[in-house]
Amino acid sequence: MIQKKEINHQKLFSLIVAIFIGLLIFDFYLFTAIGISCWIYSILLFIKKINNKIPVIELMLILCGYQWIFASYMSYQLNDMAYKMSVDEQTYMFNTVSMYLALFIGSLFFQKDINLNKEELLKGINSLPGTNYLLIILSVGVLNLFTKNLLPSSLYFLNHIGYSFMYIAGIMALYSKKYFIVFYVVFGFLLFKVIRSSVFNEFITWSFFILMFISNRYSFSKKKIILILLLAIFSLSVLQAIKPVYRDIISNKKVDNKVSLFVELLSTKMLSNILMNEEVKENDDLEELNSRANQGWVYALIYKHVPKKEPYARGETILEAIGDSFLPRFFFPNKKNTFNSEIFTRFTGRPLLDTTAMGLGIPGEAYANFGLGGAILFMFIYGFLIAKLTSYFNKQINVNWFYLFFAPIFFEMIIRGISNFSQVVNWQLKIIVVFLVFSRLTLKWSQSVVKLEN
């Protein structure tokens, strides 16, 4: 059901204007103040919408704003030497904030909100067809846990989508009276999995969507949502602090119980942060956390290198990314990877180790191809297309309520601030095809499910 529920933008806008003026008073550079103000506006809009919507675009703007603008600003303040900014703050912020603003306007002003209706979801999940859907999707996810080694590497994306169905079933179980335990089992397994693999990005991404659905299911107050977000920020900082130590230990010696080791490191770090006064260590942790989050150092390299030493690509890598996305790797095994070290070195002047994979990021690639003016237009069009994608997703929701739960995998690459353009196009084409095939295969079931009303 698409509900017309207006948000008081006037109050939010007035607050952001006040924040913007405050930043200027405290001597922030003009474009830094604009960028941080728009980023804060995205956060406030996310909090405002989270109880009855899936604020995908707001989440994208939050993560991009954090990695492109706020973390970069902090790098200038902390004089980060690990990932040094190659241009001055004014140059960097003028370029990056201009592109972020274009994305902000193109996506936010033309989007259609993806609404969550708790009553409809409770009714749908607890109906017989809804319960069957949950069990089918859970079964598909569990099955894909055991099939990865049977597939060629060119089809790993299918396995990734397949086992993501398990997490979709976990979110669906939030609304189920009979299978509520599935939520704890599935996401407990995810936490166990990321601890064993020491790769935490997957858990962090899903955590945002878990928060959205939990907020809807239990109608969290705004204060509780803010408290949860602050707790999440604290937890993330602790996680980033212990992650290098944890990885170093498990890579250098055999550890029989990785979960126990992780919990021990986590509890030790949290206790030291809460009970001890370690200002120097805390500053080191802050710098390390910021360095890992800051995507701006790559863009700064591009601004310094292009067009002074490397001419603008004039759409070459963009067209190549779109063309390659239509070529299945199964039939074209030699097509380029989404992270291409040759392209990175060409536009940044920074060579990479053979074991390192990095991309230019969407703003970086836009600038490297079109210069600032063309990049601003490109980012606006990119944002506009994302807004249209939310409209398409809304139409599918009107066919069946259960499509709502596919939002995390449907928008998985879009929300990430570090995604490359080729990654987004590649993923989006694949997920739309899989989405359409799955909906056709389940058409008979679809006809028996309670539809969302207009």
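Note: Cβ is positioned from N, Cα and C throughout, glycine not excepted.
The transmembrane segment annotation in TrEMBL covers 12-42, 54-71, 92-110, 130-147, 154-175, 181-213, 225-242, 366-387, 399-418, 424-443.
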Interface check, the transmembrane segment (54-71) with the transmembrane segment (399-418), three or more C-beta pairs under 8 A: yes
Stretch with greatest number of CB pairs under 8 Å, the transmembrane segment (92-110) reference, 12-42, 154-175, 366-387, 424-443 candidates: 366-387
Intrachain residues whose Cβ lies under 8 Å of the transmembrane segment (130-147), provided they are six or more past its termini: 124, 159, 162-169, 172-173, 176, 178-179, 182, 186, 402, 405, 442, 445, 449-450
Closest-packing stretch to the transmembrane segment (424-443), where packing means Cβ pairs under 8 Å, from 12-42, 154-175, 181-213, 366-387: 154-175
Among the ranges 12-42, 181-213, 399-418, the one whose Cβ pairs under 8 Å to the transmembrane segment (154-175) are most numerous: 181-213
Contact set, same chain, for the transmembrane segment (399-418): CB under 8 Å, 6 or more residues outside the stretch: 54, 56, 59-60, 63-68, 114, 116, 120-121, 124, 130, 133, 137, 161, 164, 167-168, 171-172, 205-206, 208-209, 295, 359, 361, 386, 389, 393, 424, 427-428, 431, 435, 439, 446, 449-452
